[in-house]
Structure formats: structure tokens, C-alpha cells
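S.K.: Dropping the structure in here first, questions after.
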Amino acid sequence: VITYFCNPSVTVTMLSNYIGPEGRVLHRSKRDWMWRQFFLSEEYMGNNYQYVGKLRSDKDRGDGTTRYVLSGEGAGTIFRIDEKSGDLHATQRLDREEKASYTLQAQAFNKNTGLPLEPATEFIVKIHDINDNEPKFTKDVYTASVPEMSDVGTFVIEVNATDADDASYGNSARLVYSILQGQPYFSVEPETGIVRIALSNMDREVRKDYQVVIQAKDMAGQMGGLSGTTMVNVTLTDVNDSPPRFAYSSYHLSTYESAEIGFTVGRIKANDGDEGQNAEMKYRIVEGDGKDSLDIITDEVTQEGIIVVRKQLDYESRRVYTIKVEVTNTHTDPNFLHLGPFSDTATVKVTAKDVDEPPVFSRPQFVIEVNEDTPKGSIIGTVTAWDPDENNNQHTDPERLFHIDSKNGSITTLKSLDREVSKWHNISVLASEINNPRQRSRVPVLIKVLDVNDNAPEFAMSYDTFVCENVKAGQIIQTISAIDTDEPLIGHKFVFSLSTSNPNFTIFDNEDNTAKILTRRSGFNRQEVSAYYLPVVISDNDYPIQSSTSTLTIRVCSCDSTGSMRSCSVDALLLSAGLSTGALVAILLCIVILLMIVVLFSALRRQRRKEPLIISKEDVRDNVVSYNDEGGGEEDTQAFDIGTLRHPEVMDSNKLRRDIIPEMLFPYHRPSPMNECSDVRDFISSRLQENDTDPSAPPYDSLATYAYEGNGSVAESLSSLESSVMEGDHEYDYLSTWGPQFKKLADMYIGKDTCTSGLTN
């Protein structure tokens, strides 16, 4: 009997039979498969050997004579047994994913005799699994496709991941799928890994390709589990959900009236966002006055409509042929008919150009070429020619543009020529003999008018341009081109620009005689502005350079998510808001009436101006009083009240009104001619001293002026300032001694000695 000491320390004894209480031998079913197993953890990271278990024989008496021997898978290399104690160890780190179990045999021998103590016993060492392997998908990148506009839940693809860990032990290999990238467009089932559509109405014309990242995580998705990812490239396949639409509502083409039947006039094409069979279209003419002369053929390769001549055009009978063209899809999907109609119409106008067959010249060098800006009266040459188109030679220059000299046959111009009006002029020249006028003949003359750059380029057609309210900045809304009636030698080269900077739109010159109109901002509101007018300057490259400004009308329209126009009418927008046209007219009428009442009230207020306070001509505020007092001598420049100066008590009473402290004094040192003036000098000196010593006087940067009249005049002072303080008449008899010039003064005044002085503060 071998006893197994399993890890952890469980001892089980295997008996082949057992004798019961009654002495009867009882047989027991073997349970070796259950107890003869050792369990060992994989990826052991310890420094010592990993202990597996202990083997011990019942015949081992513990005296050291028993030797244990191990054989089988990994014996001696992976597993080692202690010969004395029977302890079993694993010497290497084991990986369950490489080998999950090992079958070994153990036997006990007697060291002395070398004989086995009992038969060999087999047992199994099983490796316990740990979560050391992350899930791995069968493919690094999956590719799938699904029709656009599919319903939510539509199957896309199934991804599959595997885990090398033990699926029967714990949750190490239990995987849960989740989506890391691709929401909200796709979803994945956690248990199966099936990817499905999660968003309805996915439009291929908006976005075609998607990248979806799927994650598989073990441990049932719990925290701490290992994970792996894969990428699924999903492509939306096309369905016929985009109806064909013409880029313009009208097209303008032109051809010569001499074009043969079947000649291609031009091509038009409708835009269809679908591809392949879903984008196939056919064109047909539905109405128009030119449906008998024109036809349209569908190009199966380019999906264009080819306008061809069906019947000879006639410039003289009709110059413009109009047809209405309809385009429809050849294959429609009944599931998407509600997105239609899957047809569109456009008007095509074909202009027939006149063909004037040049006459046949008698000699090739007799071709008269004249610039269209040639002044009238210029001689342009003499030629002879005949015109096969001319049936009646009696029409000799009906427009009276030319004159022929009857003597030498030279042709001169009578008016300025315009090539854009007529490139060729056919005139008939009549020659007759002088002696016999009945002998005459006619010859046609062809005059070719050469081009001069005298016309500015303009729009090639009348553009019907609109901008969506939900437009983004930088989006192209119109491609424009230009035409020029001039014909430069090196071909047309137009330059497009805006006359002024525009905050809403800009222009990009393609440098191929076309330009793109782009938006500069996002979002427009047709209720605020229903249309914008964009002035576009178009210049040519000929000499002299000609340019013109053409205005492009841009309507603001309501569009769907694909950019297709729904409505451009502002009335429709207002009606949708609940206002009828009659209600709008009534509101506007009320506003006009209110404005008129306000203007009338303001006019009445202006007429009720207050009367001026001053209405009398005698009001003092309308009068200016001027005083002019003459001084008393030749050196006097100002007049002073000498009486005030002679009464200092008056100045003392107004002492508080002094407001000037002189910074500098300029006294006059001239001696007074009269002793009576000494009091004036004393007064001035005292005033100065008071101002200098008064602390309450104004600051010294104030200016005080003192003036004193001198005695420079022989007649001394003639001032009448003293008349107010002196009594009696003045005697001026002595003035007669001064000379005849003072005689008049002596008669006018009563003479008296006077002394004056002046002071100015």
C-alpha cells in the first residue's frame, strides 16, 4: 500500500480489500483516478523548487533502508523525488498551455537487497490554469459590407476570438465582446461577437467607409481580465436612394445654322450620388419649340445627354430653339421611391448662329481687312470678288457704310465699323462705260472687319444660383464662366474677382476661364435676407484690357441634408410661421400709418416754438456800450480817473478787493513837472508797499500795472479828469501864446493848470 500525501497535506490510503466485522472480505471499487492526482500551479515564480506532494510506502519502516524511485514523463528533469523521504518537487516553471498533465510511476525498493517492496504505482500531476493568455482574434482585420439605409439590427459580420487558457476552470477563457470604436453606427453582441447596424438611415453618399474596433475580454469582462482587439472595415454598398438632379435649371448652347443633321451641339449631365447600375440615367425631350429640330441621346458610358441636330436649323426664321429635357433613373428601387421623384427637368436653349459664306475673290490677295475702330473716311482698299450667296446684285451697300471713288475705285468708310455687329460686309460695285452707260457690270466686294478689343467679357449665361440655409463655410455654390464677343489671336483668358470684399461669399479663379463662388461663413437665414447680390468683375487679357462688372443673384433656399433645394420662397417661410399674405400687408400698413403720425406730431412741435425772451430792440442785451476816454498827454496810452487816485480813502474802503500782487514793478523816475502831482507818487508808493507786505494779497504771479503820465508835452495835460473835483471855470488864455495851432483850444476851454496821472490794475 502506497500512501500519497497530496498538496495540501491530504493523506489518502488506497486499500485493495477490507475484512468486515463478520470476517467477510468486502471489495471496494477503486478510486485511483480520483486520489492518484497531484495539482501544480503553472508559471510558478518562486526561488525554490515547487513542492508537488509526498509518496510513502507502508513497507517503509523509517530505518533508512527504503529507496523511492520515480519514472515516467518528466522524471529526473521536470520532477525529482527524494529517495529517502519520497518528497516530490517540480524543478521547472510549467506552462499548462504547453502540457496540461504528466503521468508518472513511483516504486519503493529495499536499499540493501535492491528488491521492490511493492509493485509500481501510477499517478498523474495536473497543471492548474492561471489567466496568463489574452484573447486573440482569428483575423487582425475583418472586411465587411452592408447596404446603405439598412434597418437597425441588420447583420454585418461575426468576429471570433479564442483564449488559450483552460475553459473548464474558472473564467480565464470566458470572453465578452464589446465595441471600442464605431458608435453610434454599429453594435456587437457580447456573447457571440456578431456586429450589427445600430443607426438607421446610414447614407453612403454622406459617408461610405467605417472603421470599427472590437474588443474581446476574458474573465467574463470583469476588471483585471486580459483583452485583445481587432478592426472591422465596413463599407456601405449603394442602393438607389439618390434621384438624379441637374446642376442648373437652364443651359445655353449655340451652333451654326449650317450644322449637319446629327451634329453634336453640346452635352448636359445630371448629378446622381449613386454608383453603378443605380446611377444609370436616360434623357428625353418632353416639350419645347425646338423638339422637331433637336434631339437628345444618352451616352451610356458618361451618363451625359448629347444634344444633336435633328433637322437643319435656319437662322433667318428662328434664332433660338428651346427644349425641355427630362432625366430619369433606368433602375429604381421600390423601397426608396418615397425619397423621389427620381427624375428632373431642365431647359436647354440653343442659339443658331448666322453663316455668311465668304465671296470668291478673283485673286487671293484682294482681301480687304479693316480694323473695326478705323475712322470714317479712311481708304480701305480696292478689291473685286463674287459671292455665291448673292442672288440679287441690285443691293449696293444698303446700309451706306462705304463710298467708292468713281475715278480710281478706292473704297472709303462712311461710318465706324463694329465687328461684333457684322464681321463681313458684302457690297456690289457697278462699273459702266462713260461713253456707253448701258454697258455695265456688277461685282460683289467682301470686306472683313478685323477684331479690336473693344468689348468687355460678361457672364456666359444667366445663372440661377442659390445657397442653402444650412451651408458650411468654404462650400462651392456656383461655377461661373464668361464669354467675350471679341476674338483675340491667342485665345480668351479671363480673370475673375470681386469688386469689393464680401463677408458672405468669395471667389476662386480656376485660371481656365471659370471661377468658383464659395461661402465665407456658415448658416444663412432667408427670412432675414432672401437674396444676395454679388458684383463680379471679369477682365480679359487683350489690349487694351476690357473689364465689366456683372451681378450674380444668390437666393437663400431651404435644403435637405444632401444639399438639394426644397424651397426658396420667403412667402412660404412666412406662411409656415402662420402669417398669411393679407396679414403681412395689414401689419405693414399699420406700421406706415404709425410712422406718418409720428412725423406729423414732430412737425407740429417744431411750429410751436417758444417766443424769444428778448423781443424789444431796446433790450440791453442787444446793445453794446463802448466807452472811450482820451488821456491827457502825448505819452499817455490809457485814461484813468484821477479823482480816485486823489482820494486814497476810496481805495482803502475796497481793500479786500485787491487781487493782484505785482511780480515786478516798473516805476517811472521822471520828475513831475508840477508839485501837485507828488501826492500821486506817494499814493502809488504806499500801494506798492501795502501789496508787498500784505500776506493775504494774491500770489506774486499776478500782474499789477502802474502807469504815470509824464510831462513830455509842451502844452502839458489837456485832460478833463480834474473837472469832476475842481470848481470854477478853466482859463486857457495863455494858449494863445503857444501859437496859432492852440487858438482854437483857447476859445473852447477855460484854462487851468492840470496834472494827470493814470493807474491801471
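Keep in mind that glycine also has a Cβ here, set from the backbone N, Cα and C atoms.
Got these off TrEMBL a minute ago, pasting:
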type: DOMAIN; residues: 57-137; note: domain 'Cadherin'
type: DOMAIN; residues: 138-246; note: domain 'Cadherin'
type: DOMAIN; residues: 247-361; note: domain 'Cadherin'
type: DOMAIN; residues: 362-459; note: domain 'Cadherin'
type: DOMAIN; residues: 459-566; note: domain 'Cadherin'
type: TRANSMEM; residues: 573-601; note: transmembrane segment
S.K.: Do the domain 'Cadherin' (459-566) and the domain 'Cadherin' (138-246) share at least 3 Cβ pairs under 8 Å, sequence separation 6 or more?
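M.R.: Between the domain 'Cadherin' (138-246) and the domain 'Cadherin' (459-566), which are separate recorded stretches, there is contact, as judged by 3 or more close Cβ pairs.
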S.K.: So how many of the residues in the domain 'Cadherin' (138-246) end up helix, strand or coil by DSSP?
M.R.: 3 helix, 48 strand, 58 coil
S.K.: Within the domain 'Cadherin' (138-246) only, compute the mean pLDDT.
M.R.: 90
S.K.: Per DSSP, what is the residue count of the domain 'Cadherin' (459-566) in each of helix, strand and coil?
M.R.: 0 helix, 52 strand, 56 coil
